[in-house]
């Protein structure tokens, strides 16, 4: 009887200890409100909003050949939506993920033996650096990731924008998709140099089209994506040739509204879309 009571006490003490450990770990979590786009920052060449549900196959294809594929997948598996920015000059992606993360066990997940170096910001937020990728989980409901070249921004700088957000100015529809809070599965992209992206979509990567900013919205449908694209036209003298070229290559409804070329009901395979998106940050695509 005494032994049973002792065993019960030790088991209870163990449970309480673990609970206290977990509580003490989460007590230091970031509790203030967070602006995802303000954290990734302004001045990017590409912005994206990526709900994970319904788009898992596309995400797997995009990160398939990345050096930090396994580490990125750890984060994605716990993510409901990604807010991202790509910076061509420094060849880096900054990602803010909303979801459910193992905040209390980051030291076990991102261990020194696996090549991670642990550091803290002036606000006491822990982050982990490796050769290609830097990660921080400031709270159980969001994470921050930077991956890219050695010129990429330091994670401490990104985390400083939790306090002082640097929010980019983005189109109304893009903003609307970002605030859908998981109710939409639409992938949204805003690209500063629309000509660079559209030539890859047309499969004419060497063609230099004088085009402005582009908005792209994609919805998964079986193994392909249905998309709507809005492209700012540049030189009025060549607008018609550009419209003609695009209409000959893309199977979609195309028309002009003011200074914008609108492409609706276009389709693209998940494999092709992943290739085009990946080319935006690949060494070849971002040189």
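Indices start at 1 and increase along the chain as displayed.
Using the three backbone atoms N, Cα and C, a Cβ is placed for every residue, glycine included.
For 25, the entry in Swiss-Prot reads S-diacylglycerol cysteine, with the evidence type sequence analysis.
The annotation N-palmitoyl cysteine is assigned in Swiss-Prot to 25.
Taken through DSSP, the region 'Amphipathic helix 2' (56-63) splits into 7 helix, 0 strand, 1 coil. According to Swiss-Prot, the feature region 'Amphipathic helix 2' maps to 56-63.
Annotated region 'Amphipathic helix 3' per Swiss-Prot: 69-77, in sequence order. In the region 'Amphipathic helix 3' (69-77), helix, strand and coil residues by DSSP number 8 helix, 0 strand, 1 coil.
According to Swiss-Prot, the region 'Amphipathic helix 4' annotation covers 103-112.
Confidence across the region 'Amphipathic helix 7' (194-202), taken as the mean pLDDT and rounded to a whole number, stands at 82. Under the heading region 'Amphipathic helix 7', Swiss-Prot lists 194-202.
Annotation source Swiss-Prot lists region 'Amphipathic helix 8' at 240-250. In terms of DSSP secondary structure, the region 'Amphipathic helix 8' (240-250) contains 10 helix, 0 strand, 1 coil.
Within its own chain, the region 'Amphipathic helix 8' (240-250) has Cβ neighbours under 8 Å at 198, 201-203, 209, 211, 233, 256, 261, 263, 266, counting only residues six or more beyond its boundaries. Residues in the region 'Amphipathic helix 7' (194-202) partition by DSSP class (helix H, G, I; strand E, B; coil) as 8 helix, 0 strand, 1 coil.
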